[in-house]
């Protein structure tokens with residue numbers, strides 16, 4: 001059990017929340033506004049190719065591609081594992097990861113009552129990308145806090161950091177930044193939705209799963225269950 005690491009990560013998460021809650025500190029407000037307007041000014045009828053690219057990166061189709069990219073990274077980690085029964089081992093890790101993500105999503109839905117609209121709904125003069133492209137794209141949200149997309153990416157990256165080789169773990173961290181960026185760039189999320197809201201939840205919740213024996217124990221028991229099921233499978 002990595003108790004010291006757990007405490008440090010929890011402390012960082014609490015510090016993030018504290019610096020956001022303190023009313024005299026307007027760091028996040030200024031940063032959010034600057035980042036939003038920096039990208040929003042680039043959304044213009046004068047930049048049709050940029051508008052189209054950004055629009056495509058915020059479609060359901062690209063969300064599906066993001067999921068496939070994470071699946072490819074997960075498969076790479078599995079194929080890099082040379083232990084016997086690696087498929088069963090990584091299937092157990094995957095199930096544990098999905099259960100963790102589901103429980104965290106349920107916690108966010110049931111416990112966190114704070115909400116706010118995306119910047120495109122907060123600023124009257126914001127340029128909406130959906131008005132400039134001919135296909136359906138997401139550029140706003142009635143409640144963008146915390147960034148659910150970013151949080152799920154962080155859950156995936158955290159499991160890869162613990163269970164996967166270093167190179168794959170670093171790629172998973174890069175995915176957090178790259179795949180959460182389009183929502184921020186288009187104004188469907190504030191920067192703080194992801195790098196304060198999602199990140200603080202991840203830093204507080206995930207260490208209790210990954211810095212304790214909980215995840216490894218759950219995955220190990222799941223692997224044993226799958227082994228028993230495999231014993232009863234009809235042989236060809």
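Glycine is no exception: its Cβ is also placed from the backbone N, Cα and C atoms.
Just so you know, TrEMBL annotations are computer predictions that nobody has curated.
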With the ranges 126-144, 145-163 to choose from, which does TrEMBL describe as transmembrane segment? 145-163
Residues outside the transmembrane segment (145-163) whose C-beta sits under 8 Å from one of its C-beta atoms, at least 6 past its ends, are 63, 70, 73-74, 77, 93, 96-97, 100-101, 104-105, 108, 112, 114-116, 169, 171-173, 175-176, 179-180, 183, 189-190, 192-199, 201-202, 206, 210, 215
Against the transmembrane segment (170-188), which of these stretches has the most C-beta pairs under 8 Å: 7-31, 61-79, 91-112, 194-215? 61-79
Long-range Cβ neighbours of the transmembrane segment (61-79) (under 8 Å; 6 or more residues past either end): 86-87, 90, 94, 149, 153, 156, 160, 163-165, 168, 171-172, 175, 179, 182
